[in-house]
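Visitor: Quick one: this structure, given as structure tokens, is what I'll be asking you about.
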Amino acid sequence: MGRLSLLPSLALSLLFVLGSAEAQLRVGFYSRSCPHAESIITEEIDRAIRVAPSIGGPLLRLFFHDCFVRGCDASLLLNSTSASNPTEKDAPPNQFLRGFALVDRIKARLERACPSTVSCADILALIARDVVHADQGPFWEVPTGRRDGSVSIDTEALRLLPAFSANISTLKSQFDDVGLDAKDLVLLSGGHTIGNAHCFTFTGRLYNFSGRGDNSDTDPSLERNYLAKLRAKCAQGTSDALKLVEMDPGSFTTFDNSYFKLVAKRRGLFQSDAALLDDADTRSHVIRLAESDNSVFFREFAEAMVNMGNIAVLTGSQGEIRKNCARVN
């Protein structure tokens, strides 16, 4: 899933909005207009995690997939209005995302408590914080005040979302385009410590990696014992394409720094994980986080999430507060 370069004008506008975001968002934005907003979201997430512990990873990725396309404006949540107008949700990178029904349930409860007050964009930001915390991860104060966008285009998601097969130069470029640096790239990749992945997202590393066609043609950056385990779980071809595999084996429901320990040992699941070792800057962060205790990762991950949550936000009179996250008002 490759990408084309951002148009220069779009990249500049993203960085302009990013630069002003911190001044416009603030912690406790809903303290008067909807004082129970954050507790309502937390209650719903705690309930969802108790029922389905594996939902944490998919919910976290909703925020990531939203912010990298048009900024953190909940454009990911919009449904298509016709077959000729597919939205981000319809794009290949997003077709296996989960958690939309839970977002709708949370929004409906917030609308009953505080009609037309809490944006879908802020709901995604707060969900991301709460699922991480529910998985024994860090808690951080989320600046809120985002408003919702009204445009969602499938081809933008395909072009702009970092791909599981991306190399390090592409990843660094994509993050730089939205105002995030190499440290943010490494830390946000650490979100792979929770959740599962379908076999088709990484089997290209296990079979016919370079196109040679023989059974030994595998990704040389993948540790051999881990490679063998992955091949035992995911057969070549389509039979196992949708089979789920833990992204952080043995720890996929616990938010911790074990992801970095695995990547440092060349046991990252995706090519994009392995790529973090191909650059001196990103590699140094991987090694540092692998050798640190969880508190370091927790603190820095929270900082990176706030940074990502500032991408091209709509505030003030921009955008709208959707009554239903799946459609514009």
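Yeah, the Cβs are placed from backbone N, Cα and C, and that goes for glycine too.
All TrEMBL annotations are machine predictions without curation.
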Visitor: Mind checking which of C72, C114, C120 has the disulfide with C34 in TrEMBL?
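Guide: Of the candidates C72, C114, C120, the one TrEMBL pairs with C34 is C114.
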Visitor: Tell me which of C72, C120, C199 TrEMBL records as disulfide-bonded to C325.
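Guide: Looking through C72, C120, C199, the record in TrEMBL gives C120 as the partner of C325.
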Visitor: Averaged across the domain 'Plant heme peroxidase family profile' (24-329), what pLDDT does the model get? Just tell me the whole number, please.
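Guide: PLDDT averaged over the stretch: 95.
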Visitor: What whole-number Å value do you get for the CA-CA distance of C325 (disulfide bond) and C67 (disulfide bond)?
Guide: 15
Visitor: Tell me which of the recorded positions C34, R61, C67 ends up closest to C199 (disulfide bond) in space, Cα to Cα.
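Guide: Among C34, R61, C67, R61.
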Visitor: Roughly how many Å lie between the Cα atoms of C67 (disulfide bond) and R61 (site 'Transition state stabilizer'), rounded to a whole value?
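Guide: Cα to Cα, C67 (disulfide bond) and R61 (site 'Transition state stabilizer') are separated by 10 Å.
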Visitor: Closest of the disulfide-bonded residues to R61 (site 'Transition state stabilizer'), Cα to Cα, picking from C34, C114, C234?
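Guide: Nearest candidate: C234.
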Visitor: Could you measure between C114 (disulfide bond) and C120 (disulfide bond) for me? Cα positions, answer in whole angstrom.
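Guide: Just about 13 Å between their Cα atoms.
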Visitor: Which of these disulfide-bonded residues has the least crowded Cβ, counting other Cβ atoms within 10 Å: C34, C234, C325?
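Guide: Comparing Cβ neighbours within 10 Å for the disulfide-bonded residues C34, C234, C325, C34 has the fewest.
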